[in-house]
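Asks: Pulled these features from Swiss-Prot for this protein:
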- 2: N-acetylserine (MOD_RES)
- 2: phosphoserine (MOD_RES)
- 2-104: topological domain 'Cytoplasmic' (TOPO_DOM)
- 2-94: region 'Required for homooligomerization' (REGION)
- 5: N6-acetyllysine (MOD_RES)
- 5: ubiquitin cross-link (CROSSLNK)
- 6: phosphotyrosine (MOD_RES)
- 9: phosphoserine (MOD_RES)
- 14: phosphotyrosine (MOD_RES)
- 25: phosphotyrosine (MOD_RES)
- 26: ubiquitin cross-link (CROSSLNK)
- 30: ubiquitin cross-link (CROSSLNK)
- 39: ubiquitin cross-link (CROSSLNK)
- 47: ubiquitin cross-link (CROSSLNK)
- 57: ubiquitin cross-link (CROSSLNK)
- 82-94: region 'Interaction with CAVIN3' (REGION)
- 105-125: intramembrane segment (INTRAMEM)
- 126-178: topological domain 'Cytoplasmic' (TOPO_DOM)
- 131-142: region 'Interacts with SPRY1, SPRY2, SPRY3 and SPRY4' (REGION)
- 149-160: region 'Interacts with SPRY1, SPRY2, and SPRY4' (REGION)
- 167-178: region 'Interacts with SPRY1, SPRY2, SPRY3 and SPRY4' (REGION)
């Protein structure tokens, strides 16, 4: 068994074992592996992150993009002194900026650790517990659904059809008396 490369949906290459008849994931891929042998191989855990655009999927556009004007506003005719307004703006902006950085420095890595563990557990449970339970339930419910279907067609359908025929001949005439 020799090593080969596997290309994921983003175009990154990963090493996979290749057998003479192809690997178990992509049969007969030895020729393909030789074609892409010269390309660079990426590890899924060392992908580059963008330090400029830190919200590429725009998760927080509406939630935390809060500026001074979004929080504090003076209506026309009710204005404080210009110096107070400028100092308030500067104080708000700088305090928000540095306090966020302080909180990020203190709690960012522990929170990332907690959320990483949480989503790892969630992924593990989904892959190894939830999906197999659902598949098992769907397989088991098929025989019950067949029995239920036979019961409904045998007993319930004739009963409700008869009741429907009984009530289908009822006519109601509404007359308004003056």
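The backbone N, Cα and C atoms fix where each Cβ goes, and this holds for glycine too.
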Asks: For residue 47 (ubiquitin cross-link), what is the tally of other C-beta atoms lying within 10 angstroms of its C-beta?
Replies: 9
Asks: Which sequence-distant residues neighbour the region 'Interaction with CAVIN3' (82-94)? Criterion: at least 6 residues beyond either end, Cβ under 8 Å.
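Replies: Residues 67-68, 71-72, 74 contact the region 'Interaction with CAVIN3' (82-94) from elsewhere in the chain.
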Asks: Between residue 57 (ubiquitin cross-link) and residue 47 (ubiquitin cross-link), what C-alpha distance do you get in Å?
Replies: 17
Asks: How many neighbouring Cβ atoms, not counting its own, are there within 10 Å of the Cβ of residue 57 (ubiquitin cross-link)?
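Replies: Counting Cβ neighbours of residue 57 (ubiquitin cross-link) within 10 Å gives 6.
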Asks: Would you mind pulling the DSSP three-state label for residue 47 (ubiquitin cross-link)?
Replies: coil
